[in-house]
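**Student:** Provided herewith is a single structure, encoded as structure tokens, for subsequent inquiry.
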Amino acid sequence: MRKTIIAGNWKMYKTQLEAKEFLEGLMSQLTKTPEEREVVLCTPFTALDFMSKILHGSLIRLGAQNVHWEDEGAYTGEISGLMLKDVGVSYVIVGHSERRQYFGETDETVNMRLKAAQKHGLTPILCVGETKQQRDSGETESHIFSQLANDLVDVDQENLVIAYEPIWAIGTGDTCEAKEANRVIGLIRGKLNNSNVTIQYGGSVKPNNVDDIMAQEEIDGALVGGASLNPESFSRLVNYQ
């Protein structure tokens, strides 16, 4: 069954004190949020244990921003699914464009991370999307279909979320038109073995466009960057109309 999931990706922002202040401002604004909407906060690693204790028993689920494919080992700077599960994480972002661009993430390593997340009962949020050059060259579909074909080898689509993030719209203020995002997400859904996979849109989602985005038939939620750092703007996204 397709779920509605609004997930905030904090990237490399917020100390524990800032996270605490954020939650104090957010929680009171979620009292009327429909129960069927799932809210996820993907925080920096340093905040996971702290946030897990505060969020216990609330409607907000905890997410991480990366996971290694091994359970342990000499992998400096990495974190395992076993470790994430141990601190109460439920979701983990895999294959975000910034990981692919800045840290050499490939479809092969994305695939291994997806399977590692599922091995430990974590729900991965797989990010796929095209660059501005690929879109202008008419390669949007072929690029995304290639990502899906390689990333999802032997991945259980029953425990999976996909986020369509047009790279040219991330942090730029340029938003993919809602109908175009809906079209691409429909194409993504058509390539999956399971039509009930939750598919989010990510890319400059803001209070002034979230209602239009979430009104689209194929869009099940949002993966939010900058607007998730402010409790007022994030609560507006969660409580979209």
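Placement of Cβ uses the backbone N, Cα and C atoms for every residue, glycine included.
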**Student:** Swiss-Prot has Asn9, Trp10, Lys11, Ser204, Gly225, Gly226 down as binding substrate; which of Gly57, Gly171, Gly186 does it also list for that site?
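**Tutor:** Among Gly57, Gly171, Gly186, only Gly171 appears alongside Asn9, Trp10, Lys11, Ser204, Gly225, Gly226 as substrate-binding in Swiss-Prot.
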**Student:** Return the member of Trp10, Lys11, Glu165, Gly225, Gly226 nearest to His96 (active site, electrophile) in space, with distance defined Cα to Cα and candidates limited to these recorded positions.
**Tutor:** Glu165
**Student:** Tell me the Cβ neighbour count for Asn9 (substrate binding site), meaning other Cβ atoms within 10 Å of its Cβ, over all protein chains shown.
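**Tutor:** Asn9 (substrate binding site): 26 neighbouring Cβ atoms within 10 Å.
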**Student:** Could you check the recorded positions Lys11, His96 and say which one's CB has the most other CB atoms within 10 Å?
**Tutor:** His96
